[in-house]
Amino acid sequence: LSHINTTIPLYPYKESYPVKQIESRDVDEFLLPEEKLRGIFLQKLRGRTAIENALSNVSVELSIDLIAKVVDRGNLGGEAMVLFFNWAIKQPGIPRDAHSYYIIIRALGRRKFFEFMIQVLHDMVKDGVKPNLETVSAVMDSFIRARRVHKALDMFENLEEFGLTPDTESLNVLLLCLCRRTHVGAANSLFNAVGGKIKFNCVTYNIMVSGWSKLGRVSEMERTVKAMIADGFTPDCSTFSYLIEGLGRAGQIDDAVEIFDHMKEKGCIPDTRVYNAIISNFISTQNFDECKKYYKALLESNFDPDLDTYTKLISAFLKSQKVADALEIFEEMLVQGIVPPTGSLTSFIEPLCSYGPPHAAMMIYKKARKFGCQISLNAYKLLLKRLSRFGKSGMLLNLWDEMQESGHTSDMEVYEYVINGLCNIGHLENAVHVMEEALRKGFCPSKIVCSKLNNKLLAANDVDKAYKLFLKIKDARRNENAQRYWRSNGWHF
């Protein structure tokens with residue numbers, strides 16, 4: 001590779017696995033543990049015993065986390081998921097407790113395999129494992145998410161079948177699921193129907209206030225708070241935060257500020273949740289001066305900003321293209337020791353990669369990496385795409401190398417962005433090496449990228465190299481079409 005332009009780092013071209021090593025390994029070696037287990041069901045084995053024997057012969061270290069990965073992802077049917085779980089729960093080291101059953105019940109509910117979900121719930125009781133509120137919540141929420149509210153209500157009424165009683169805690173679980181899915185009317189009907197039969201607590205009233213708050217129904221919020229006070233409960237910070245949010249959604253910002261200002265008089269000192277609510281109201285009106293004012297007031301109070309505070313502010317500043325303010329708040333968040341989750345970090349980088357040069361996005365990335373934040377593959381792709389467009393080849397190749405060091409594997413999109421970026425600045429030799437590496441690993445970039453590189457080579461009068469690359473791409477395209485045909489017929493090679 002001595003003929004490669006020395007201004008471009010060479011290390012991106014080192015392959016994760018040498019070619020000889022790839023040839024000597026079994027195909028199974030490249031699959032993740034959960035993919036190996038799911039792959040058993042692609043073999044269409046006949047009979048439960050044959051499937052269980054095949055599962056037992058898979059060389060993986062079974063754990064609760066692995067079981068969750070198998071059932072939460074992929075495209076297993078309900079019967080296959082239950083069969084796999086029944087096999088897994090018998091294996092040594094796998095606890096037969098409520099949490100294990102919760103994993104399969106939640107996965108079945110998400111896929112709308114309701115018959116299998118109820119079946120597993122009954123099996124759970126037969127095995128002497130008592131469902132907890134987490135399990136009940138997963139079942140009810142699955143029904144409500146699928147708009148089968150009556151099924152969730154029936155579940156609540158028949159809790160005794162599963163060793164539970166319709167008490168205050170289980171009522172709160174159902175009300176929370178209903179309000180979270182905006183079925184506030186159904187929640188209110190249930191709330192009125194069980195009044196006097198089941199004792200309410202402060203949480204019950206707060207859940208109802210939060211439900212009406214999401215809809216901006218001020219009169220209903222006020223009515224619920226009055227009933228709460230009449231029942232002997234004192235509104236707390238959760239109550240006031242929901243009231244302030246609801247007033248904001250109704251456009252009554254001044255009323256929300258008035259409630260905030262008089263909280264101390266009512267014996268309730270505003271906490272972080274209340275400050276977040278008032279900040280959200282001013283974000284909705286794009287009054288960033290007031291946002292900063294209440295943010296500074298929070299810093300001066302006895303409470304500290306939390307992840308929600310910083311996420312709201314940073315997202316709002318980025319949406320309004322106030323990049324300097326967003327970067328300042330982001331740095332303050334990291335200094336405070338609050339590490340944003342991978343999804344939030346990606347949401348910060350995404351808008352910065354939609355306008356302007358990639359400098360600000362790279363600043364977010366570098367600061368996050370310095371503080372040990374986990375960077376998602378999607379975030380890397382956004383940055384690579386932006387750097388490619390602006391022809392920042394040196395930064396692009398450095399980022400590509402850091403992405404691989406972080407444990408992420410290059411896919412088709414990554415190779416396309418790198419090739420496109422090298423083409424944009426005329427580093428055709430390096431672009432050819434990256435293209436050849438992609439082809440060796442089974443990735444065939446899009447026709448647009450291939451044509452762009454080919455045309456650049458022809459324009460540079462490098463016909464021989466363009467022709468050789470054309471032949472390699474042609475073979476790769478033929479293999480890709482063959483694989484697509486195999487998979488369409490259910491052949492998984």
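Note that Cβ sites are derived from N, Cα and C of the backbone, with glycine treated the same way.
What you see is a predicted model, and the numbers here were worked out from it, not measured in a lab.
Outside the repeat 'PPR' (97-131) by six or more residues, the chain places 64, 67-68, 71-72, 77-79, 81-82, 85, 89, 138-139, 141-143, 145-146, 148, 151, 161-164 with a CB less than 8 A from a CB of the stretch. The feature repeat 'PPR' is assigned by TrEMBL to 97-131 (among others).
Only residues 6 or more beyond the boundaries of the repeat 'PPR' (132-166), in the same chain, are considered here, and those with a CB under 8 A from a CB of the stretch are 98-99, 101-102, 105-106, 108-110, 112, 114, 117-118, 121, 124-125, 173-174, 176-178, 180-181, 183, 186, 190, 194, 198. Residues or ranges marked as repeat 'PPR' in TrEMBL: 132-166 (among others).
Annotated repeat 'PPR' per TrEMBL: 201-235 (among others), in sequence order. Within the same chain, residues 168, 171-172, 175-176, 178-179, 182, 184, 187-188, 191, 242-243, 245-247, 249-252, 266-268 sit at least 6 positions outside the repeat 'PPR' (201-235) and bring their C-beta atoms closer than 8 Å to a C-beta of that stretch.
Here TrEMBL flags 236-270 (among others) as repeat 'PPR'. Same-chain residues lying 6+ beyond the ends of the repeat 'PPR' (236-270) with a Cβ under 8 Å from its Cβ atoms: 202, 205-206, 209-210, 212-218, 221, 225, 228, 276-278, 280-282, 284-285, 301-303.
In the predicted model, residues of the repeat 'PPR' (271-305) average a pLDDT of 94. Annotated repeat 'PPR' per TrEMBL: 271-305 (among others), in sequence order.
Annotation comment: TrEMBL describes 306-340 (among others) as repeat 'PPR'. Note on the repeat 'PPR' (306-340): residues 272, 275-276, 279-280, 283, 286, 288, 291, 295, 298, 347-348, 351-352, 355-356, 360, 363-364, 367-368, 371-373 of its chain, located 6 or more positions outside it, place their CB under 8 angstroms from a CB of the stretch.
According to TrEMBL, the feature repeat 'PPR' maps to 411-445 (among others).
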